[in-house]
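Asker: Okay, here's the structure, questions in a sec.
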Amino acid sequence: SCDATQLCNCSSMGLDFIPPGLTAKITVLNLAHNRIKHIRSQDLQQAVNLRALLLQSNKISSIDMDSFHSLGKLELLDLSNNSLARLSPVWFGHLVSLQQLHLQGNSYRDLGKSSPFSSLRNLSFLHLGNPWFSRIRQGNFEGIAVLDKLWIDGSNLSQYEPGSLKSIEKINHVIINIRSVNVFSAIVRDLLHSVTWLEVREIAFSIPAEVQLLRVMSSSFAKQISFKQTLLTDGTVPEIVSILEEMPKLVEVEMTDCRLLGTGRWGIQIQANQSQTVRVLTIEKLSIEEFYLFTDLHGVEGLLSLLTKVTVVNTKVFLVPCSLSKHLQSLEYLDLSANLLGDQSLEHSACQGGWPSLQTLNLSQNSLSDLKMTGKSLSHLRNLTLLDISQNNFGEIPDVCEWPKNLKYLNLSSTQIPKLTTCIPPTLEVLDVSANNLREFGLQLPFLKELYLAKNQLKTLPGAAPIPNLVAMSVRRNKLNSFSREELESFKKMELLDASDNNFICSCEFLSFIHHQAGIAQVLVGWPDKYVCDSPLAVRGAQVGAVHLSLMECHRSLVVLLICALVFLVVLILVVVGYKYHAVWYLRMTWAWLQAKRKPKRAPPKDICYDAFVSYSENDSDWVENVMVRELEQACPPFRLCLHKRDFVPGKWIVDNIIDSIEKSHKTLFVLSEHFVQSEWCKYELDFSHFRLFDENNDAAILVLLEPIQSKAIPKRFCKLRKIMNTKTYLEWPLEEQQQAMFW
């Protein structure tokens, strides 16, 4: 299970213990998702060079004290999602190089009376906690001076001794899953001057009194605060905002996947004590059940003038009030993607005087449908250089549009545009029109440096003259099948051309041509994504002279034609052989036999309707119907015969009629003649009767030889007839009248 780098992947192999035979060569050992319950002293004794040990998602409940003693070079240990009921400092005593430790998802209720991590001087990442984790004591984190990331899953954490985390001098990022506001307040008090980024999850701020417990946060030196899966209300939002305003070093506030119970009608007016440090506000997937009743946020307008980056994504924003936009005087980056903005609401949101410093605007995945109106609404934004309006539904676009004068980057991918027009601004340096079903590109864009045309219907490269400064172009997943030397040479400044996933006809000449193309540093042609051609051309790292393409790669059309001809020839031979040896007969008989085998072997006595089913050739019908039937059905007592002309059910499949008639008859009477052995249906009837004869081991078949049959005249497929005639007594119809009475 080990590769060349000595990474051994033994995950999901159903192991009950750590496999023996581990050597000093192993650097990474993945034993995740097995059934290991116990780690023994000798299991890892020889793996002295191990750097990463992954034991997550097992059933580990016990570890010998010296199990990890030989792992002095171990940097990552994952014991998450096991059944450890306690943590022992002895386990980690010799892990002097350990940097990452995952202990979450076990069953311990606390960390013990001392610190399990006192020997881990190089630890930078620690993840602990579980649904039963309820207590943190003073001294539990002794020995840890600096952490890059501390993650505590404490959804049921109810006891926290003040000062427990104070021993850690610096933590870059703290994540706390917690529900108790009281415990959270005590933790924050210990982290006031040590944490840079504080992230709190799954907590509910329902009433203002609870938020007051967090007033201590106003003294925190944290630069970033994140709320994830957090509950807020109209009553608690003003309190939280006022706390954040007072934090002296806070730069970024983030809310992800949170819920707001309210409509923005905050009972306590937010004081306009604007934070002088907050510059970044990110809101993603904020759930406001009554979002259509939300207010215009005029109460927070005074807090926004210093924000430089605002992201409000997937939050059902359908309008940014004009007055709010005008207060965003310093805003340089605005992301409103995956919302409900329409053409009219955008015009109101981007009103005159709004967003005066904006440089980057993302409006992708909204409800915009009029490109001309979109451009006009944004035309007054003099500093706007990057605009993303992808994944809207513009459709047909006009010939003339207004745009911001300094627009350099425009993303129009996946916007249902069938044809590009001069509506596209000529100032662009980067244009993305991927996934639009375009069939041609002929725009005059003198400053364009990057052009993205992937997932369209282009059959030829765009002309170079209208885009003389082009440096990079992507035409992936179009319908190109070739391009000429002149086409490539016309792009004087081209450095990268990605034309992979097209319909190129691969040939050795084409590869040589790509190799000698002028000026382009890298060309991706791919069949698909198979060859990376650079200067000098490399095909999977080999020079052109060393490349030996297969017949399929150099002559695909010819190979396909030969394969089709070969397949046709094979099919033709099979048809001829099948016809000669009656393959169709055997296939049809197999199907009918399978159908018959599903039915009960013997019909119930109440279902027996006939004394005999008569199987005969149509050419012998005169003797059967005028001689035999008349004789037997007028006998005393009379026999009841089943004849296909008279007794088969109309509309029913013939094979089903045959099978049913044989099953509903005591006997099957075969009138044999040379006409009989030439009849397909007679053979069916004989075969079905033969199945019954041998399946039930009875004497259901009676053979009447109407005329002598030469053995050469019996086809090979009537092998069963030969067998029955050799094993069963049969009657011969005598031509002399005096012997016919004996026959009857």
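Using the three backbone atoms N, Cα and C, a Cβ is placed for every residue, glycine included.
Curation plays no part in TrEMBL annotations; they are all automatic predictions.
The model shown is predicted, which means the values in this text are computed figures rather than measured ones.
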Asker: If you look at what TrEMBL says, which of CYS351, CYS423 makes a disulfide link with CYS401?
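Answerer: It is CYS423, per the disulfide annotation in TrEMBL.
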Asker: Using the record from TrEMBL, pick out the residue from CYS2, CYS258 that is joined to CYS8 by a disulfide.
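Answerer: As annotated by TrEMBL, the paired cysteine is CYS2.
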Asker: Disulfide partner of CYS322 per TrEMBL: which of CYS258, CYS351?
Answerer: CYS351
Asker: Quick check for you: of the disulfide-bonded residues CYS2, CYS8, CYS322, CYS351, which have their Cα within 10 Å of the Cα of CYS423 (disulfide bond)?
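Answerer: Final answer: none.
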Asker: How long is the line from the C-alpha of CYS8 (disulfide bond) to the C-alpha of CYS401 (disulfide bond), rounded to the nearest angstrom?
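Answerer: On Cα coordinates alone, these residues lie 60 Å apart.
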Asker: Here are some disulfide-bonded residues: CYS8, CYS322, CYS351. Which one has the most Cβ atoms within 10 Å of its Cβ?
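Answerer: When each Cβ's neighbours within 10 Å are tallied, CYS8 leads.
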Asker: For CYS401 (disulfide bond), what residues in its own chain, 6 or more apart in sequence, show a Cβ-Cβ distance under 8 Å?
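Answerer: Listed in sequence order: LEU371, LYS372, GLY375, LYS376, CYS423, ILE424, PRO425.
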Asker: Could you tell me the mean pLDDT the prediction assigns to the domain 'TIR' (608-744)?
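Answerer: It averages 79.
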